[in-house]
Each structure stands twice: as C-alpha cells, then as structure tokens.
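Read the structure below first, then the notes.
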Ligand code: AMP
C-alpha cells in the first residue's frame with residue numbers, strides 16, 4: 001500500500017494504474033462502517049483509494065473540528081489489512097486555495113434536516129468531493145447510507161455536473177445492540193451509549209409499525225418520539241429518496257431519519273424502507 005500526502009505524488013502514482021478505481025472518502029478514525037465501504041470497493045474495482053481528510057470546510061465554526069477523533073496509525077493498519085492500494089492523507093493547505101470558486105449545494109435538499117442545523121455543511125462536503133473526484137478520477141465512489149442526505153446531494157452533483165463516476169450507496173453497519181457505528185461514538189460514555197440506543201430503537205419501532213401496515217408518517221413519527229424521550233431531538237423525518245417529506249410511507253422509496261443529542265454529542269441514524 002502507498003501512503004501518499006501530496007496531490008502531485010498521488011497524480012503521478014495514479015498514472016501508473018491501469019483499470020477501475022474505487023474511491024472511499026473518509027475523515028479517518030476508521031471503524032467497521034468505513035471498512036464495509038472499503039471492502040466493497042476492493043471487491044468491485046481493480047484499485048482502491050481511501051482518502052483520510054478531516055475537511056475543515058464542512059464543519060461549522062461552533063463544531064468539533066479541533067477535537068474530531070484522529071487515528072493516523074490505526075487508519076494505516078486498517079487500510080493495509082483491507083488491501084487498499086493507496087491511502088491518501090492530504091494537508092488542508094494543499095487542498096484549498098485562497099481564491100477559488102465555491103459550490104452551493106441545492107437549497108431544496110441541502111437546507112433541510114442536516115442542512116437546517118448545519119447551514120453550509122453540504123457546501124463544504126461538495127467542495128472537497130469535487131476536488132477528490134478531479135484528483136482521483138474514480139470509476140466509483142462509495143458512501144454510507146448512514147449519511148443519507150449526503151448520498152442524495154452527492155448523487156445530485158454527479159448527475160447535474162455530468163461527472164463521469166458512479167456513486168455507490170452502502171448499508172449502515174451497526175453494533176450488535178443496534179447503535180450505528182460513527183467516529184463520534186468515542187465521545188459517548190457507557191451510560192450515554194445506552195441512551196444512544198434510543199435512536200436505533202425508534203427506527204426499529206418505525207420499521208415494525210410499517211410491517212404491521214401503519215403507513216401514516218405522523219403516526220409513525222409520534223411513536224418514534226415517545227421512544228426518543230427524554231433526548232433532545234433535532235428532527236424525526238420521513239422523506240422519499242429525493243428527500244421530499246411524505247405523509248405516507250411508500251415501500252422501496254422512503255427513508256426514515258432521526259437526529260438527536262446524547263449529552264453534547266449529536267447523533268444521526270436512519271432506515272431505508
Ligand atoms: P466519515 O468518516 O464520518 O466522513 O464517513 C466516511 C464514510 O463512511 C461516509 O460515506 C459515511 O456515510 C460512511 N459511514 C460512516 N459510518 C458508517 C456506518 N456505520 N455504516 C456505513 N457507512 C458509514
């Protein structure tokens with residue numbers, strides 16, 4: 001595996017590769033969720049590039065950029081074990097220029113839910129991904145459904161900017177107790193981890209209600225909110241795959257999402273039904 005930190009070196013190395021390239025963009029502190037994306041990419045492509053970059057432009061001024069978990073050595077080991085070809089760990093000063101055109105994520109989809117609480121977040125995500133896509137020119141790029149709104153917004157830019165790559169959404173990986181894996185879970189103590197289970201349990205309840213024939217969004221959201229008590233809930237939402245709110249669940253085209261605070265840690269989770 002090559003560990004590369006400069007764009008110039010990466011471009012030179014990529015020139016020597018013949019075949020399909022899978023890109024897995026991450027912010028590091030790699031866990032089993034990331035590993036599932038990496039394994040899928042390794043299986044589906046001739047070469048896999050994993051990027052580890054804590055992207056400053058997708059954090060709001062009051063967010064956890066400085067204390068975001070970092071584990072460079074661990075990340076190298078994980079990538080090595082997964083048979084990654086290139087681990088790309090660029091420096092922010094190489095990625096960004098003083099004066100550069102900005103991308104604005106479309107308001108309809110990017111100003112709601114995550115975008116309402118984190119205004120500008122998706123602009124930063126698209127800004128860095130546009131760069132990664134141009135540097136790596138991947139055949140496919142792998143994203144977790146855990147960040148469902150991100151998947152929809154990235155698919156949108158690829159389609160509307162006619163970008164020559166395929167976006168591959170990957171299933172959410174959970175702990176045995178249901179907690180969705182997240183780098184931010186390290187902020188939780190044991191008691192908070194138990195409280196955090198309320199998110200996945202509320203979604204399980206939603207799934208069971210739907211299986212029993214309840215399709216009314218308000219009724220489902222009400223039951224979810226009961227389970228989420230007493231957490232501070234940011235949103236419970238039921239949307240279609242284009243992120244339009246729906247009053248009735250339509251099977252194969254619905255996403256049920258929740259965002260809530262456990263202590264100071266903001267967690268998100270969702271199910272696709
Ligand atoms: P992050 O490092 O948090 O930016 O995540 C990098 C990628 O891993 C994103 O596409 C996430 O959606 C994905 N990811 C994070 N956690 C999980 C998980 N529990 N299951 C599947 N994918 C995940």
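All residue numbers here begin at 1 and follow the chain in the order shown.
Using N, Cα and C of the backbone, Cβ positions are placed for all residues, glycine too.
Whatever TrEMBL says is automated annotation, not expert-curated.
Taken straight from TrEMBL:
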{"type": "BINDING", "residues": "27-34, 144-147, 173, 181-184", "note": "ATP binding site"}
{"type": "ACT_SITE", "residues": "34", "note": "active site, proton donor"}
{"type": "BINDING", "residues": "58", "note": "beta-alanine binding site"}
{"type": "BINDING", "residues": "58, 150", "note": "(R)-pantoate binding site"}
Checklist outcome for this item: Cβ neighbour count within 10 Å, max among the binding-site residues 27, 30, 173, goes to 30
Checklist entry - In angstrom units, rounded to an integer, how far apart are the Cα atoms of residue 150 ((R)-pantoate binding site) and residue 58 (beta-alanine binding site)? => result 12
Checklist entry - CB neighbours of residue 145 (ATP binding site) within 10 A? => result 17
Checklist entry - What recorded positions in 27, 34, 58 place CB under 6 Å from ligand 1? => result 27, 34
Next on the checklist: Distance check, please: Cα of residue 34 (active site, proton donor) against Cα of residue 173 (ATP binding site), rounded to an integer number of angstrom.
Outcome noted: 9
Next on the checklist: So if I measure Cβ to Cβ from the residue listed as 'beta-alanine binding site' and keep only same-chain residues at least 6 apart in sequence, which ones fall under 8 Å?
Outcome noted: 121, 122, 124, 125, 127, 128
Next on the checklist: Going by a 10 angstroms cut-off between Cβ atoms, which of the binding-site residues 150, 183 has the sparsest surroundings?
Outcome noted: 183
Item to check | Around the Cβ of residue 34 (active site, proton donor), the count of other Cβ atoms that are within 10 Å | outcome: 26
Checklist entry - Which residues of the same chain, at least 6 positions away in sequence, have a Cβ lying under 8 Å from the Cβ of residue 33 (ATP binding site)? => result 144, 146, 172, 173, 180, 181, 182
